[in-house]
Structures are given as structure tokens and as C-alpha cells.
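Encoded as C-alpha cells, the structure appears first; notes follow it.
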Amino acid sequence: MAAAAAAGAGPEMVRGQVFDVGPRYTNLSYIGEGAYGMVCSAYDNVNKVRVAIKKISPFEHQTYCQRTLREIKILLRFRHENIIGINDIIRAPTIEQMKDVYIVQDLMETDLYKLLKTQHLSNDHICYFLYQILRGLKYIHSANVLHRDLKPSNLLLNTTCDLKICDFGLARVADPDHDHTGFLTEYVATRWYRAPEIMLNSKGYTKSIDIWSVGCILAEMLSNRPIFPGKHYLDQLNHILGILGSPSQEDLNCIINLKARNYLLSLPHKNKVPWNRLFPNADSKALDLLDKMLTFNPHKRIEVEQALAHPYLEQYYDPSDEPVAEAPFKFDMELDDLPKEKLKELIFEETARFQPGYRS
């Protein structure tokens, strides 16, 4: 048995990094590098399939601990075909020895970012990918969670065109009552997929910010290039207004922050660019849905259930096969304020269920 043979050999090395995942996981192969760890594929000697293993070493930084804990907490509670799951977590048996955490997930061949660099998508593919994104997002939003970092590289794909949403490190519980903030506070998610209200007066605590990101992703699938590639966040806003045109008086009224509102009023008037001029070969129904997702005013932006029911997705739409979460998700405490030592304890507890001999 390969596992037994490998057991005595000590941990495997990948590109100078220790990958201590034996004896169950062997035959490691490098896939890529994330912000705080390496991803490899490996052979799972129990289930007899290849899997992806992400090595995370977050414990030096409060922010990395926070993101790791958020991702683990959410993914262990979510169960959905269009959301990546966690199959196993490997870590040291004691908190003192725990320097790294290895997260085992289904192996997906590629992601939408890589695919769009090399392939022009047919309308059928665009429609099917968009449907799966929204089907996953319906479940996420039904749990009262916001992803807050939807972008092509966070959409995993395999050769049969199954799509899974990944990377919940920036996710939050929706909190519309605490959404208001000052003008242009730095926000962590990738700028190009950021809703305009985040640059203006919102913390991004409402579900509509994810819908905006999905609109940006749809536009990118239609043209193989990002629709709003801003260089900094004022530039980002200018890109958006350059296509959507100047906001109406009604849309300006929903911007509570006066500094932000006055900034918009100071800009020269811009007309909306028709979608069919930007995407002359696109399906007209796709452009109608795009228009409803890329709406400046978050209160008028389409919601995920309405988007699924849009005529563009008619061939796939089936509310009885678009499951929702059993209960809304709750973080027992706000993680932002906890020191990294406390976060490490919480990660240790959260991963205990995968330890040999675990009793809950």
C-alpha cells in the first residue's frame, strides 16, 4: 500500500516547502500560490481520487487569522454544489505545535480567470456559468452571508463545466443597518469588481454588492476583458460613470455622505453607453440582465432570485432545484477586534472535528 510505504518517509517537500499531509495524501504536485500559502494537488489514498490541498500559515498576522477562521467557519457549515466544500483539515495535535493548517478540497482543473485568458466563451457557456454563479449566490445570500470578493479567479471550474465559488476570507454577515460609512474608506476586495457605493458611502454590508460583482463577471465573460479596470478607486468610479452615465437626482439622494454626493455633482455630465454598442455580439437577453445587475443605485439593483428567474436563464431556472441554507449564519463574535492569539485558539477548536478520535 502506497500510504503505508510513504508513512515512514517523513513529510513531502514541494518547491522548498514542507507539505506535512501523509500518510493519507501522497504524490503531491504544485498548483499555485495564494496570499498566505501554497496549493498542491495530491492523491487521497482513502477515497482514491486526486484532491487540492491548501497550506495556510496565518498565525503571524491578525488579518490572515481572521480570514482563515472566516473561511473555515463558513465553508464547514455550507453544503451546496456550487460552493467549494472542505473535505478534511490537517493540523498539529496541539495548539503549541500548530504552525500551519492544511485544507483539503475537491480538485478543480481551472478557474474562470485562467479560462478567460485563453478561451472565447460561447453564449451557451456564458449562460451556464452565470446560472451556476447565481445558484451558489442564492444559497450564500439565503444564509445572510455576503461573499464580498466575487471575481473570476474565485470561480473554480472543472472539465465538465461545473462551477464552484471559493474564497470566503472576506465574507461577512449582512448588516444593512450598519452599512453607512465615510467617503472612500479603503476596502479590501478586488477593486475592479467593487460596487460604486463602496467608493462612496457604504461598507459593503448589503447583498447588492455581490450582484454588482456578478454583473462585472458577466461583462467579462462577454468580452474577455474586465469592464471597469480602474487604477485606483476614484479612477474606478470614473470608469463606472463613463459607461453607466451620470447618476440621476434620485440615485444621488441615496448617497447620504455629502462629500461623496458633492464629488459626483462636480463631475461633467456623462451619457450612458448602450450595452449593445459595448457588446455588439451578445445575446440581447444577457444584456438586459447585465443592465439590471450593473445598476448604480443598490436599491434598484436586481436581487439574486429575480436574476435566476430572468428570461436569459430560462433553460436552467428551476426554483425547486435551487436550494437555500437551513438557517441564517451567525458569527458568535465580531472577529475584527480579536487578537491573533485568540483567533488561533478559535481556529484550533474549529478544526478539531477532523482530528483522529474526535468526540464532539
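Cβ coordinates are placed from backbone N, Cα and C, and glycine is handled just like the others.
Annotated features, as they stand in Swiss-Prot:
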ACT_SITE  D149  active site, proton acceptor
BINDING   I31, G32, E33, G34, A35, Y36, G37, M38, V39, K54  ATP binding site
DOMAIN    25-313  domain 'Protein kinase'
MOD_RES   A2  N-acetylalanine
MOD_RES   S29  phosphoserine
MOD_RES   T185  phosphothreonine
MOD_RES   Y187  phosphotyrosine
MOD_RES   T190  phosphothreonine
MOD_RES   S246  phosphoserine
MOD_RES   S248  phosphoserine
MOD_RES   S284  phosphoserine
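Sequence features annotated in Swiss-Prot and their locations in the structure.
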residue: S29; record: phosphoserine; contacts (Cβ under 8 Å, 6+ apart): V14, C40, S41, A42
residue: I31; record: ATP binding site; contacts (Cβ under 8 Å, 6+ apart): V39, C40, S41, A52
residue: E33; record: ATP binding site; contacts (Cβ under 8 Å, 6+ apart): V39
residue: G37; record: ATP binding site; contacts (Cβ under 8 Å, 6+ apart): K54, K55, I56, S57, P58, D100
residue: T190; record: phosphothreonine; contacts (Cβ under 8 Å, 6+ apart): D149, K151
residue: S246; record: phosphoserine; contacts (Cβ under 8 Å, 6+ apart): L264, L267, H269, K270, N271
residue: S248; record: phosphoserine; contacts (Cβ under 8 Å, 6+ apart): none
residue: S284; record: phosphoserine; contacts (Cβ under 8 Å, 6+ apart): N276
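Considering other CB atoms within 10 Å as the measure, the emptiest surroundings among the recorded positions V39, D149 are those of V39.
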